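Below you'll find the structure, written out as structure tokens, and then a few comments.
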2 protein chains.
Amino acid sequence: MPRYKILIKYDGSEFFGWQIQPEKRTVQGEIERVVNMMARSPKNWIRVQGSGRTDTGVHALAQVAHFDFPFDVPAEGLRKGLCSKLPFDITVTAAEQVADDFHAQYSAHDKTYWYRFSTAEFKDPFKYKYTGHWHRKLDFAKMEAAIGDYVGEHDWISFAASGFQAKTTIRTVYSAKIEAHPEDEEIWFEFSGSGFLYNQVRIMVGVLLEIGNGVRPVDDIQRLFTVRDRQEARFTAPASGLYLKSVDY
Amino acid sequence: MPRYKILIKYDGSEFFGWQIQPEKRTVQGEIERVVNMMARSPKNWIRVQGSGRTDTGVHALAQVAHFDFPFDVPAEGLRKGLCSKLPFDITVTAAEQVADDFHAQYSAHDKTYWYRFSTAEFKDPFKYKYTGHWHRKLDFAKMEAAIGDYVGEHDWISFAASGFQAKTTIRTVYSAKIEAHPEDEEIWFEFSGSGFLYNQVRIMVGVLLEIGNGVRPVDDIQRLFTVRDRQEARFTAPASGLYLKSVDY
């Protein structure tokens, strides 16, 4: 059976995250339902494998998934069929046939997350589902000075939420960027890495905001790598600002 | 009692429009609830008067309303109090004390509506609540050639939804603009006028789209003014793309 790779864009606001769960509306659940309907497989045996989970409220600009389809159809036709049957908060932006050994999770080389943060005094009605928000004094220069400390291979245990089940907490961050967008009262963060632990990106953003606010010193990221203590960084930036931007293979 | 004028921004997606209704979540209902709470008026006697209604799903960048408040408080403090108590999909962007004879509806001189239209092949998950969408061939030049016919004093009865209760259907449109935003696959419309009948802006957009699609000739707007028939223009563009942009006094 041919294997297809798809790129998926979704507004996570009304989903209980990516991963399929009984009785909950999830992105994976919606896509599996539609793929199985198109495959006319009443027993819903086709599984749609994503590059990884996203949490409740987290968005994706280009989540990647693969599945095996019983018919050898043109990828673009399959994409249009999926788009026309999926709910309005999910769309498939690209589709291609891939080799049988392509795996959306295990073949992934690196992932990029975007975090969109609003510094406005009050939440904007058109942004509250699409940004994190914290109206406190933030020193951009301090965050800019600190963010480079994230780059490299580190043990991220101080940045992991409890409840994670990874074999190792060693990960490599390839790049970490911060951008000011004063005209929109926003600050954007972007992180690329080999992989991220559960809630890691949101805790990384939380630590930077506390550095910007003066709660932590500018060199505190280095200390957090040394102390290896999950209790040291407990401020997790809201899910609403987080976007899975791309997955590279 | 001092009278206050406020500017209100709201995401209309989760409201049954502006006007207060029993058992329904409306923008006016939410604001009246908070104003009365802040005024400590348990009988909810304070009425919040808007510049006019907006329908279910219609947004506002700057709806205007007035109300009389029992305490003479600084407008900016009142604004912040409202913002902090209103739900996240409504915010108050400005507040000022005004003369007792200021009336948000009757003092209004003109209103501007913005219509945001997506021409993308499929609805974008981040836009479907915030744009109208119609994936058909649209000749921008034809719409551009036609839109000027809206300007001026006309009898708009062909553009009125049934069920309206206006004394007269004569209104003046001061300006009518169309803008292409090809990088976002969007077309924007903007109309300023002395006032608009129920659904008038959405029908005006619908007629333009039908002209762009070739269903109607380019000079059909002139004919619609002449025939004076509510059955002639029945395609009403979706509420999701419509924004009350400003009200001038």
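Just so it is clear, glycine is given a Cβ too, placed from its N, Cα and C backbone atoms.
Annotation comment: TrEMBL describes A:D55 as active site, nucleophile. Feature annotation from TrEMBL assigns substrate binding site to A:Y113. Feature annotation from TrEMBL assigns domain 'Pseudouridine synthase I TruA alpha/beta' to A:8-107, A:146-249.
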For the domain 'Pseudouridine synthase I TruA alpha/beta' (A:8-107), report the average pLDDT of the model, please.
96
In the domain 'Pseudouridine synthase I TruA alpha/beta' (A:146-249), how many residues does DSSP call helix, how many strand, and how many coil?
35 helix, 31 strand, 38 coil
Within 10 Å of the Cβ of A:Y113 (substrate binding site), how many other Cβ atoms can you find? Include all protein chains, please.
24
Secondary structure at the residue listed as 'active site, nucleophile', reduced by DSSP to three states:
coil
Report, in whole Å, the straight Cα-to-Cα distance of A:Y113 (substrate binding site) from the residue listed as 'active site, nucleophile'.
13
When you measure from the Cβ of A:D55 (active site, nucleophile), how many other Cβ atoms are you left with inside 10 Å?
17
